Amino acid sequence: MLRLTAFARLLRIVPALLVCLLLLTTIAVAPLQAQTLPGLPSTGSGSADTATSDGQAEVDALIKLLENPEGREKLIERLKAAETPAEPAEGEELAAELVMPFLDGPATVIANRLDALGRDLQKAAVALSHTPDELERIGRGLANDRKREQWIELIGRLAAVVAAGFLLEWIVKALLSRPRRRLGTNPPASRWRRAARGICLLLIDLLGIAGFAGGAAAATALVRPTGDAAMIAIAVVQANIAVRAILAAGRMALRPQVRRLRPLPFSDETAAYLYIWLKRFARITVYGWFLYDVARTLGVSPPVLLVASKVFGLFVASLAAVVVLQNRREVADVIAGRRPLQFGADDVPGTEAAMADPGDGSAPLGVTPAEADVRTADDDVPPDLAAAAADRAREVTRAGMATLRARLADVWHVLALAYVAIAAGIWLLGVDGGFTFLAQATGATVLILLLDRVAVMAAERMLERLFSVSDEFILRHPGIETRVNRYLSITRTAIVGFIHVFAVLALLEVWGLGGLAWLASDAGARVVGALVKIVVFVVGAAVIWEMVDGAISRRLQSDGDRAPTTRAKTLLPMLRNVVMIILTLVVVLTVFSEIGIDIAPLLAGAGVVGLAIGFGAQTLVKDFITGAFILFEDTISVGDVVTVAGQTGAVERMTVRTIRLRDVEGVVRTVPFSAVDIVQNLTKDFSYALLDISVAYRENVGEVAEMMREVGLAMGHDPEFRDLILQPIEIFGLDRFGASDVVVRGRIMTKPGQQWGIKRAFFARIKQVFDERGIEIPFPHTTLYFGVGKDGKAPAAPVQVLKAEGSWRSGATGHAAPKLPAVAPAAEDPEDRRDVRAVPGDEDSRRPPRIDEESGEAGGDSQPSR
């Protein structure tokens, strides 16, 4: 940042110097112009007499020339020769035809202006070369007592006019000092009341300015200055009024001393900085302009005035360049959004940085009032639905503009300096109406940008209120939240985009590029008509989509006792997708047609591509055809448990090409319809819980069947299961013999998909009943059988205990092994005593006999138990 403290001090005395130059110009020029003061005789200068005598001599010479016939004829011939231009050569004429169209552009204008500026500088140099003579003549005029008295009287009248204005202004301010102090202290919390107080303070400032104007007017009426005195008095009064009015407007907008009354979101430091520079520019430009006007009226040499105005314009441009360079980094950070705005802290003595939240409820610098309201809102209050959606839309917009803002932050000072240079160039070259056009276009640009911002904020507020949804309405329509969020973002983008486009067209019109005029042309009318048709088609498609989607959503929504069928859950989402595809195609083709693209070749190409796909992707076509028949025949619905292509699971989603299954472990399988040959629907219309109950061979089958009937009937009367059971239990009887059990079969009709739950509950209850009544539920076991002799006696089986009785442990439970009965060989037949391990060639006999886990008996051959 530039430190310009000394330069700033110098700028403070520039307005005073301009006022002094205003008076000195009058004193210096008036004697040369022979102006008449009130009540005094007219006087003239020597130079004026000389000019008059020279002009009279030339007139006498011309009269004598015209009276002489020969001289008159020669003069006529010379005039004719000067009037007829010389014919250019053929090459020169061709070159002129080729070059002149290009020379008529801006380059020619700039070249001509530079030539004119050079001539003016030359004339100004000549005029300034006579400055010593003019000063000597002014000195001789002031040495005259009579003229000196005239100027003393002139200055006294001007001082009387200005003093009267300041006196009345001081009186008005003294009378209004107390109300002003009241309005400036203890500002109210309400924003509207603070605005009202600011307007009242502005009116008090304007009353002071009006007092100055009234006092000056009254003094002018009393002293009655005429001629130069009246003109100078009016210039001084007008300049003072203009400067004070500009500063009053600046104080109202910035309020550098009263933070709570400041309408703009600036800190104290920034407000003081802006007000100081506003005061500098206002005083320098206004007093300088009136000084120029007075000097021109008093007859200062035009070349001198022209050069002085050019130098003055360059001086003002240099001040603007200083402001740009002084705040290059700060403004770049603000544009990029890296930090709040802070202007020239080093150039504002006595101010402290106050860039954080002011603490008075106003928005921090660089933050819009709407954003400040969002940041300071009570966090305990839940945000409104529309407001939340608007905030999300604004965040999306900010994210999209972040890159553009970063690039603009890097080059903003270059653009600003280029603008200042262009303005200075226009002023320096003296382009007719150029500077006025630039000033008007710049002011209109600022106004259009402000109106654009205000319109965007108003549109956002309107949309927030228009799309606000109450909690009761959300409870009645649960899906409305998603719809509001979606269409609020789209509507906001469309409206903000329209506002920005209109602003761009207005800017083009302001800068002479014919933005609004283009709309009135044939091309603009065609573009607008096409856009209107596109908008109508898009809105119509959106309305149709919302109607279809809303009807489908209501149909699929469970409402009390009315629940959507599985067929509806399957077909309606597919109908929704089909409607979306059709509407999208219609809108896209309509847009192409409106923007001038011939859609006939597109349709023909789509047909050819469709045929090629039909021949080349027969499996895909088969998927569609098979899926369509399955869907229309209602073979499978969403939520059914099916087995297709060897895969079993619940149907989660169906399209016209695939079916998606999820099994009990959560594994998702996608099966194309072309792979479906046999469909097993386990939950179509109703289901059966198939009950196969295994009992031991020794149990009575009739008793077991009766127990199953009792459990089934009890479940039918249980409130937990009676709504799931469609028919009472059916007992089929003994179904089959197993290796160690017999199976009794029955079944219970249930609602679709409830058979597995009913089956598990039945098994739990029948197990409890069997335990209570001593019914054996068999499990796989093996009995060792050694055979029986012809006499019906079983031989003794020698058993060798490999471990002591107390050392047996179960690997799982740690309990002692069961005690084995002692088996002794017969004493009377020692030859029949057989040792299992002593039989040669018998590999099986080398292993110790197995122990029956149920009876603890040892045996030889293994036979199934009966």
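The backbone N, Cα and C atoms fix where each Cβ goes, glycine too.
Quantities reported herein were computed from a predicted structural model and do not represent experimental measurements.
Feature transmembrane segment, per TrEMBL, maps to range 574-593 of the set 94-113, 574-593. According to DSSP, the domain 'Mechanosensitive ion channel MscS' (619-683) comprises 17 helix, 25 strand, 23 coil. The residues of the domain 'Mechanosensitive ion channel MscS C-terminal' (691-777), classed with DSSP into helix (H, G, I), strand (E, B) and coil, number 36 helix, 23 strand, 28 coil. Counted as Cβ pairs under 8 Å, contacts with the transmembrane segment (411-429) are highest for 304-325 among 304-325, 435-456, 574-593. Long-range Cβ contacts of the transmembrane segment (229-250) within its own chain (Cβ-Cβ under 8 Å, at least 6 residues beyond either end) map to 19, 22-23, 26, 37-38, 154, 157-158, 161-162, 165, 202, 205-206, 208-209, 212-213, 216-217, 220, 274-275, 278-279, 282-283, 286-287, 289-290, 293-294, 297.
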